[in-house]
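A.B. asks: Handing you this structure, nothing more for now.
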Amino acid sequence: MEGPNESDDDGSVDASPVTGRAEESDAASVRTEPAGPLGRLGRRLVPGPIRRNYALKFAVAMLVVILLITVVGVGSHVQIRGIIEDDAENTLQSTATLQADSVSEWMASMRAQVSGFAGSDVYASSDSARIGEALSDSLSRASTDVVGLHYVGPNGTIVASTSPDLEGQSVGAQRPRWRGPIEAATAAPEGEWRVGTSDRAYENNGRLLMAFAGRVRVGDGVLVAVGDVRQDFEQLHRTRSIVRTRLLNPRGRDVFASRQTRPSPLADTDAFEAALAGETTTLERETDVLAFAPVRGADWVAVTEAPKSQLYQASVTVGRNVVVLVVASITTLAVVGFVLGRGTVLPLTRLRRRAEAMEEGDLDVDLRTSREDEIGRLFVAFDSMRRALRRQIREAEAAREEAEQSRRELQRQNERLDQFASTVSHDLRNPLNVASGHLRLIERKADDLGEEVAESLESHVEKTADAHDRMEAIIGDVLALAREGRDIEETQPVDLGTIARDAWETVDSGEAAFAVAGTRTIEADPDRLRQAFENLLRNAVDHGLPDREDGAVAHGGEGPLSVEVGLTETGFYVADDGSGIPSDAVEDVFEYGHTTDPDGTGFGLAIVETIVTAHGWSIAVDEEYDAGAKFVVSGVFED
């Protein structure tokens with residue numbers, strides 16, 4: 001409803017003094033702002049009262065529009081035929097271009113697949129069964145357009161094929177249509193690789209097929225991919241509504257015709273030659289219009305044709321209706337302009353005043369209205385926007401305060417945790433240092449007690465020293481977990497193999513062998529990543545080196561232990577040929593304190609998982625790896 005203070009005939013309310021001053025300021029700024037050439041020209045031509053009054057502007061604009069409609073309508077009645085004919089020809093040309101682009105994309109897809117499949121190393125082998133398996137695997141990964149893959153030897157014999165009945169057969173006897181693509185592929189100059197393509201489709205078992213051939217990267221043979229011409233390509237030469245499209249090769253023969261056809265006379269036209277040269281052209285004949293578009297990547301031309309009587313039929317109808325449309329438009333525009341002008345200008349003026357008040361920070365302006373149309377909904381929308389703005393301001397302030405409190409609390413907790421870790425480390429190391437001093441004193445005193453007593457105490461002293469070392473390692477690991485936690489420093493590009501080699505240099509590896517099977521650059525914190533590698537490599541060495549007491553090889557193989565770092569589809573792995581991880585212990589290897597080594601701390605792999613998780617990756621044990629232990633880190637990069 002309108003507010004009780006809005007008693008004007010137009011439903012508007014008086015602007016506040018502040019708003020009035022704002023309007024005066026705005027008006028002054030508009031008058032003093034420098035205008036461009038058109039603005040200065042408009043100020044000279046348009047009287048001041050019209051410039052300052054939207055209602056007068058609206059009325060003058062309506063009169064100008066009516067006059068323009070009349071002039072344009074008369075001119076359009078004369079020019080409409082030519083415009084529609086040009087548009088029809090452009091549409092016909094666009095249709096030809098779209099058809100040509102569709103064929104080009106399909107050809108590019110087939111060539112790309114031939115290039116990818118031909119790069120396999122399997123073709124260096126003379127084992128036809130192995131090559132056949134590789135072809136079947138490639139076919140399963142190919143697009144649905146590829147219906148067969150065949151490997152042809154240098155003598156023209158089909159060595160392997162996804163169609164077993166073709167193996168051992170001669171290309172000339174069984175598939176003569178493959179000769180052209182094979183010859184084109186093998187005729188490429190030294191150092192150049194190309195894909196040969198059939199000059200037109202051929203029919204086999206009720207399907208239209210085309211052959212694509214390319215030399216294999218390793219070996220002397222040729223890979224032939226047979227593609228099924230898609231249904232929309234197969235229908236190119238058939239009539240679609242008033243438009244008919246064909247695909248012609250340089251000799252003017254229909255590419256997708258299953259039977260031999262005579263060359264089209266269109267091949268002798270300049271438009272056809274221009275299309276072969278890469279231009280899109282049109283040709284107007286006595287009864288029809290043709291559009292020629294080149295097919296990228298092939299010496300083919302898409303030809304789209306339509307009869308003139310149907311292509312230009314709309315121009316006659318449109319020309320006849322222009323006069324009626326102009327008269328109706330002028331009448332309707334005059335009536336609608338008057339109604340809408342009065343019902344739009346006044347509410348918009350009132351809304352502008354309210355918006356200016358909101359802009360100045362007054363969110364309590366009156367936005368009530370009794371209208372239910374778009375103008376009314378605009379008032380409602382402004383009111384909703386005001387309420388939403390109020391709510392968002394309150395929520396933002398509350399969220400900011402809550403976030404600040406959380407940040408302070410987290411900072412306090414981190415400080416307490418760091419202080420606790422330091423205190424625990426200090427309190428634990430002090431008695432250990434005292435014990436170590438007494439232990440060294442015992443060792444010196446034992447020498448004075450005689451050889452027999454020294455030997456009897458030696459094993460106890462060594463065990464005690466080992467226990468001290470283990471406690472030191474546990475304290476160091478716990479302190480690292482408490483201080484570093486799941487945080488990482490700013491990541492940077494690092495070479496995976498380099499980090500792994502640096503980590504290996506810090507591991508007491510004995511006679512173990514180390515190799516990097518694959519590397520690449522990744523985004524990571526180099527120090528934390530190096531720490532993860534050190535723990536993984538140390539874990540492999542500690543659980544896989546030969547047993548020095550009885551000479552048995554703990555990892556179950558011949559020779560020294562081997563440790564390898566390599567790449568997976570989305571990350572990397574660390575594998576060894578040691579004794580592996582018992583199946584019942586796989587789920588616990590990353591738990592804090594879990595270890596199968598009496599001298600181990602049980603924190604090494606837990607720290608690795610913490611570092612991996614901090615990077616946003618994941619780590620798991622490859623349970624299918626039976627040659628030892630294999631840890632796989634995933635999510636490092638996309639496949």
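Quick reminder: no glycine exception, Cβ is built from N, Cα and C everywhere.
According to TrEMBL, the record shows the following:
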COMPBIAS  1-12  compositional bias 'Acidic residues'
REGION    1-42  region 'Disordered'
TRANSMEM  54-75  transmembrane segment
TRANSMEM  322-345  transmembrane segment
DOMAIN    342-394  domain 'HAMP'
COILED    382-423  coiled coil
DOMAIN    423-634  domain 'Histidine kinase'
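Would you situate these features in the structure and describe their surroundings?
C.D. replies: Listed as Cβ neighbours of the transmembrane segment (54-75) (distance under 8 Å, sequence separation of 6 or more from its ends, same chain) are residues 322-323, 325-326, 329-330, 333-334, 337-338, 341-342, 345, 348-349.
Tertiary proximity for the transmembrane segment (322-345) is limited to same-chain residues at least six positions away from its ends with a CB under 8 Å from its CB atoms, namely 54-55, 58-59, 62, 65-66, 69-70, 73-74, 76-77, 80, 375.
Helix, strand and coil counts under DSSP for the domain 'HAMP' (342-394) come to 39 helix, 0 strand, 14 coil.
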A.B. asks: Over the domain 'Histidine kinase' (423-634), what is the model's mean pLDDT?
C.D. replies: 77
